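Colleague: The following block contains the structure, expressed as structure tokens.
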Amino acid sequence: MFSKQVTDSPIYKWFDNRLEIQAISDDITSKYVPPHVNIFYCLGGITLVCFIIQFATGFAMTFYYKPTVTDAFASVQYIMNEVNFGWLIRSIHRWSASMMVLMMILHVFRVYLTGGFKKPRELTWMTGVILAVITVSFGVTGYSLPWDQVGYWAVKIVSGVPAAIPVVGDQMVELLRGGQSVGQATLTRFYSLHTFVFPWLIAVFMLMHFLMIRKQGISGPL
């Protein structure tokens, strides 16, 4: 992984003596890859790349976005029309969001069709299902943030769905909306979920997912 010139340098040796960099490097680069692996086994990694792009572009937009019902739409227009390369950053964010969902769906189908969910990888599959739910939740909450007509009515419909659940349905709707109707509290909740709660959740479950894949390796052919 590292050239001889790098490994012979005093700086590298100093770090290697303390962190065992060479052992970590050897473990990463010497992992066995089965011969049946093809491009479709890269779909999970592509999903991760899309998430990283989402995180970077989303973080950039938080400097200008205002999560209020009076300023949200105007702040999005400001990003698109006034901020340098703002239109590009938001466009990349939107397109990578669609790509992330698509790659996630294809990844789920690939794992299912190749039997990657079977013993001993049941927990890997379960964390993957949780990641899929979080990914879709990202899309639902992010869709509302521009607070335009499409976003507003999408929130109104989505947040009203739990009302069909017996006993606790109305309480769930009120919890999602922050009140009886869609308004500022709803936007605040969706913004908090989209920019804080879901990123932490997806990071934790991604780490678990990758550690289990690393431990168990890639599943064999059918």
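Just so it is clear, glycine is given a Cβ too, placed from its N, Cα and C backbone atoms.
These came from Swiss-Prot, pasted as-is:
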TRANSMEM  39-59  transmembrane segment
BINDING   Cys42  heme c binding site
BINDING   His93, His194  heme b 2 binding site
TRANSMEM  97-117  transmembrane segment
BINDING   His107, His209  heme b 1 binding site
TRANSMEM  123-143  transmembrane segment
TRANSMEM  193-213  transmembrane segment
Colleague: Per the definition of 3+ C-beta pairs under 8 A with sequence separation of 6 or more, do the transmembrane segment (193-213) and the transmembrane segment (97-117) touch?
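Modeller: Between the transmembrane segment (97-117) and the transmembrane segment (193-213), which are separate recorded stretches, there is no contact, as judged by 3 or more close Cβ pairs.
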Colleague: Pop the Cα-Cα gap between His209 (heme b 1 binding site) and Cys42 (heme c binding site) into the table, whole Å please.
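Modeller: A Cα-Cα distance of 15 Å.
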Colleague: Who are the long-range neighbours of the transmembrane segment (39-59) in its own chain, taking Cβ under 8 Å and residues 6 or more past its ends?
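Modeller: Same-chain contacts beyond the ends: 89-90, 92-93, 96-97, 99-100, 103-104, 106-107, 110, 135, 138, 195, 199, 202, 206, 218.
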Colleague: Can you check which residues sit near His194 (heme b 2 binding site), meaning Cβ under 8 Å from its Cβ, same chain, 6 or more apart in sequence, and list them in order?
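Modeller: Once residues fewer than 6 apart are set aside, His194 (heme b 2 binding site) is near Phe138, Thr141, Gly142, Leu145.
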Colleague: Could you list the residues of the same chain, at least six apart in sequence, whose Cβ is under 8 A from the Cβ of His93 (heme b 2 binding site)?
Modeller: Ile53, Gln54, Thr57, Gly58, Met61
Colleague: Short question: which residues 6 or more past the ends of the transmembrane segment (97-117) have a Cβ under 8 Å from it?
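Modeller: The answer is 40-41, 43-44, 46-47, 50-51, 54, 124-125, 128, 131-132, 135-136, 138-139, 142, 219, 221-222.
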